[in-house]
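Residues annotated as ATP binding site in Swiss-Prot, with sequence analysis given as evidence: G72, P73, S74, G75, C76, G77, K78, S79. The domain 'ABC transporter' annotation in Swiss-Prot covers 40-281.
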Amino acid sequence: MQMTAEEKEISMDTPAKTATRDIYIPSERKSVSGGGKPHVVAKDFSIFYGDFEAVKKVNADILSKYVTAIIGPSGCGKSTFLRAINRMNDLIPSCHTTGTLRFDGEDIYGKLTDEVLLRKKIGMVFQKPNPFPKSIFDNIAYGPRLHGMNDKKQLAEVVEKSLRKAALWDEVSDRLERNALGLSGGQQQRLCVARTLAVEPEILLLDEPTSALDPKATAKIEDLIQELRGSYTIMIVTHNMQQASRVSDYTMFFYEGTLVEHAGTSQLFTNPRDRMTEDYITGRFS
């Protein structure tokens, strides 16, 4: 079975922007309380679009409460892998998987898995901000209401708590009833993070969350990731080598659907085990 043009487009990552290849190595990071246990475990996990194998037999442990960056050239399968973790790829008719992918020991693709509950526990923020055409308040309250929360006082508390976690409360607290589409791009992206946090996920998936933002807004998102680190397991797809080195504890490097290397970020950027990893992070190919 061959992929349609639309499915091929969906399976490929957004083309990388031209960027410097100077690598910034972060200083030693503080320890994470309660972290270190595998939160997501992939074993011989593959993803297909028809007959096309987009992700090939990945074996990896994603550790709880740490930040894991996923890097690699366009079309390498990094976003496809990320989307598989909360089953966003189910929306593509020809997509199917082999092997296993587990979350807290449970098979993500098991027959008894509740996809709605799974996506509550594993939230996702996309490349482009996608606020609903509703008020700021209703954007954040949408998820809790969907899951049965109707008490006005409780909803107000959740909205404030989520906006504070997303470092947005001080900027919007006096205009919660205004349309969220009136926010700046960076504010909209933080709103999307707050909307995800409102349903209290365990894992936060970020698919190139700053690629459409200016440097100032990008810095705020990176600061936010550091604030959330230790409270959530975070996975971020990025084309930006410096961003990966700044925000992550661990890095996964994909090439043509294969997980080439998965290591601590400092180790991967300073002493990669695989020659292909070294060639990529030093800009010999992109």
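Cβ coordinates are placed from backbone N, Cα and C, and glycine is handled just like the others.
Under the three-state DSSP scheme, K78 (ATP binding site) falls in the helix class. Its own atom aside, the Cβ of G77 (ATP binding site) has 26 Cβ atoms within 10 angstroms in the protein chains shown. Of all Cβ atoms in the protein chains displayed, 27 besides its own lie within 10 Å of the Cβ of S79 (ATP binding site). A 10 Å cutoff on Cβ-Cβ distances gives C76 (ATP binding site) a total of 24 other Cβ atoms nearby, all chains included. As a whole-number mean, the pLDDT of the domain 'ABC transporter' (40-281) in this prediction is 96. Most Cβ neighbours within 10 Å among the binding-site residues G72, P73, G75: this distinction goes to G72. Cβ neighbour count for S74 (ATP binding site) (all protein chains, 10 Å cutoff from its Cβ): 13.
The 10 Å shell around the Cβ of K78 (ATP binding site) contains 28 further Cβ atoms across the protein chains shown.
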